[in-house]
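Below is one structure; the comments refer to it alone.
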C-alpha cells in the first residue's frame with residue numbers, strides 16, 4: 001500500500017508517521033490532573049468487551065514457507081511494517097515489524113473485504129463470560145453447582161483465589177515469567193493477561209460474579225446452578241453498563257455526551273447495534289493515556305518500589321500470583337493519574353518501541369500497529385470521517401491548522417500525507433484538541449458516542465429496558481459503583497469516591513463503609529409456586545406445562561364450540577378460538593414480537609405459509625391470524641374431541657394426507673372459493689413438525705393452490721423456539737419469539753410449470769429469514 005497514490009499523494013510509512021508525529025522526549029511527560037489511571041483502564045476493559053478482530057490463523061504466506069514473524073516479504077497474510085530511513089531505533093532498513101492481517105469473512109465474487117468480529121457487539125460482560133459457548137463452559141465451575149465461575153484455589157491472596165490458568169497459543173506468560181513458570185489466565189477475553197492492571201480487572205469481576213452468586217443462593221436456596229449463574233451474570237452485565245454510561249462516558253465525551261447519547265427511550269429494534277469497523281480504531285484513543293511505568297501501592301497507599309517498567313510488565317501475571325495479588329494495582333489505579341494526551345506527547349516510548357519485546361523477536365510500535373490496522377481494514381481517511389460526522393473537511397495548512405489549533409502540527413501532517421484526506425483515522429482524530437470537559441476531540445467523540453448510543457438503544461437486554469429488571473431491582477442497581485465492587489472483593493478498605501477523577505490519597509478517598517452497597521433483596525423469590533417449580537426436575541416441569549397447555553386447548557374448545565353452534569360452521573367462528581387461546585402466552589411468559597405487520601394489511605385473498613416446529617405453533621399463529629383466514633390441517637385433528645369440533649365449526653379445512661387425489665380435489669375447491677368468499681388460507685408447507693430447527697423441504701400443495709387461484713403468497717416465519725422450548729431436552733421456560741411477515745410473493749400469470757421454482761423461491765426466503773431472526777433470540781446473551 002505504501003507508495004500507492006491516494007488523492008494524488010503516496011501514503012507515508014506508518015512507522016515514519018509514528019516517528020514524526022507521535023514520538024516525544026521522555027522529559028516532556030505530563031500526567032492528567034483531572035483523570036485517574038482507572039479512567040484509562042476502564043476504557044481498555046470495556047473495549048475488550050466490545051471488539052476484537054482476530055488475526056488470520058495462518059503464520060506463513062499463502063503459497064510460501066517463511067514465517068511472517070521473521071520474514072519481511074509482503075505476501076498475504078503478512079503485511080509487515082517497513083522501516084523508514086534514519087529510524088531512531090532500528091538501523092537495518094531491511095528489517096521490519098511483523099504484522100498479520102485481520103482474518104476476513106468468506107465472500108463470493110469480488111466483494112469488499114470484511115473483517116471478522118470475534119465478540120458479541122453488546123456491552124454484555126462477554127469480557128468476563130466469553131463470546132463462544134465452548135469458552136463460556138470452560139469458565140464455569142460446574143462441580144460446585146452454585147452458579148460460580150472457575151477460580152484457582154492453588155494460588156490465593158489471603159483467601160481470595162486467583163484466576164484459573166488457560167495456556168495461550170504462544171504462551172507468552174510462561175516466557176515472561178522465566179523460572180516462575182506461570183502461564184496466562186483463562187478469561188472471557190484472550191487478551192486478559194496482556195497488562196497487569198487489565199488482569200486485575202478480570203480477576204475483580206470474576207470475584208464479583210462469585211460474590212453475587214453466593215448472595216443470591218443465600219436469598220434463594222431453591223435456585224439451581226444455572227439460574228444462579230445467569231442471574232449473577234445479568235446483574236454484573238448491568239453493573240458494567242451503568243458504570244460505563246453514568247460514570248465513564250460523560251468524562252470521556254464531555255460537553256458532547258448528552259447530545260450524542262440522549263436519555264434512554266427504550267429498546268429500538270430498528271437500530272443497528274453492530275460494532276462499526278471504524279470504532280475498532282477510534283476506541284484505541286486510550287493508548288495515549290498509558291504511562292511508561294506500572295505503579296503499586298501498599299495498604300497505606302505508599303509506593304512499592306521499584307516501579308515496574310511498562311515494557312517488562314506485559315504478560316507478567318506471575319507478579320500478581322507471587323507479589324501480593326491485585327490490591328496494590330487497584331490502589332494505584334485509583335490514586336494515580338493517567339498520562340495526559342496532548343499533541344506534544346502522544347504515546348510513550350515503552351509502547352512505541354518496546355511493546356511485547358520480552359515475548360516477541362522485536363519490540364512493536366503500538367502507534368504504527370494502529371495505523372497499519374486501519375489500512376489493513378481499508379478504512380477511509382480522516383476527511384471522510386469528518387464529513388460523516390458533519391464536521392468541516394480541511395484542505396490545506398490554514399484550515400487544518402484551524403481544526404488542530406496548531407499550524408505547526410498541521411504542516412507536519414501535510415508534509416507526510418500531502419492532504420488531510422489521506423491521514424489515517426486513528427492519528428488524525430487523536431491529534432484534535434479535546435472537546436470541553438472531555439478527553440477526545442470532536443471527531444473521536446462523534447465516532448465513539450454514535451457507537452455507544454447504538455449498542456444501548458439496539459440492545460433489548462439493556463438494564464433499563466422494560467421487563468429486563470423489576471422497578472425495585474433497577475432502583476437497587478442504580479446505586480452500584482466500581483468503588484463498591486473493589487470494596488466487596490479485595491482487602492482494600494479505603495477507596496476513591498469518584499473513581500475516574502484524579503485523586504491523590506488521602507484526598508478523595510473514603511472508607512468502604514461510606515460507599516452504598518448493592519441491595520439484593522429485590523431478587524428474593526417470594527412465590528411458593530416458583531420455589532416448587534424450580535425444585536422439581538426439568539422433565540417433570542416440562543410434562544406439567546405441556547399437560548396444562550393441552551388441557552387448556554381442549555377446555556377452551558368447549559367454550560368456543562358452544563359460542564360457534566348458533567352460527568354453524570363459519571370461518572368467523574375462528575375469533576372465539578383465537579381470543580380464548582391468547583392468554584396462554586401470558587401464562588407461560590412467552591413474549592411474541594411481530595415484524596413486518598404492514599405486509600399483512602391487505603383485504604384481498606391470499607395464501608399464508610408458515611414454518612412448522614412444535615405444537616406451540618397453534619398458540620403463536622393466533623398472534624397474526626387475520627380475519628376470515630382458514631387454516632388447512634391434517635384430518636386427524638378432526639377426531640381430537642372437542643378441539644376437533646371447535647376447529648370444524650371455525651371452518652378449518654381438513655385433508656387426508658394419505659389420499660393424494662382427495663387432497664388435490666379439496667385444494668381445488670378451496671381455490672375456487674378464495675375469491676368467491678373472500679377467504680385467506682393458512683398452510684404449513686412442511687406438512688409436519690420439524691423439531692430439529694431449520695426447515696424441512698416444502699410440499700407443493702400451498703403453491704399449487706396459490707397459482708390455481710392466482711392469489712399472492714405471504715410467507716410468515718417463526719423464529720426458533722430453542723431458547724425457551726426444546727422437547728428433546730424437556731425444556732419449557734419463559735422466552736421470546738419473533739414472527740417475521742415477509743412481503744407477498746405474486747403468482748399472477750404463473751402456471752403449473754412454475755410451481756417447483758416458486759416453492760423453492762419461497763422456502764429460500766423463509767429459511768434466510770428464519771436464520772436471521774433465530775440468531776436474535778438464541779444464545780447466552782443475544
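Cβ from N, Cα, C; glycine included.
A helical conformation is recorded for residue 287 (heme b binding site) in the three-state DSSP classification. Here TrEMBL flags 287 as heme b binding site.
DSSP places the residues of the domain 'Phospholipid/glycerol acyltransferase' (606-721) in helix, strand and coil in these numbers: 45 helix, 23 strand, 48 coil. According to TrEMBL, the feature domain 'Phospholipid/glycerol acyltransferase' maps to 606-721.
Summarising the annotation, TrEMBL assigns transmembrane segment to 551-569 (among others). The list of residues near the transmembrane segment (551-569) in space but at least 6 beyond its ends in sequence, with Cβ under 8 angstroms from a Cβ of it, reads 576-577, 580-581, 584, 587, 618, 640-643, 645-651.
What TrEMBL lists as transmembrane segment is 637-655 (among others). Same-chain neighbours of the transmembrane segment (637-655): 553-554, 557-558, 560-561, 564-565, 568-571, 573-574, 576-577, 630-631, 662-663, 666-667, 670, 681, counting only residues six or more beyond its ends whose CB sits under 8 Å from a CB of the stretch.
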Long-range Cβ environment of residue 287 (heme b binding site), under 8 Å and at least 6 residues apart: 347, 351, 366, 367, 370
PLDDT averaged over every residue in the domain 'Phospholipid/glycerol acyltransferase' (606-721): 85
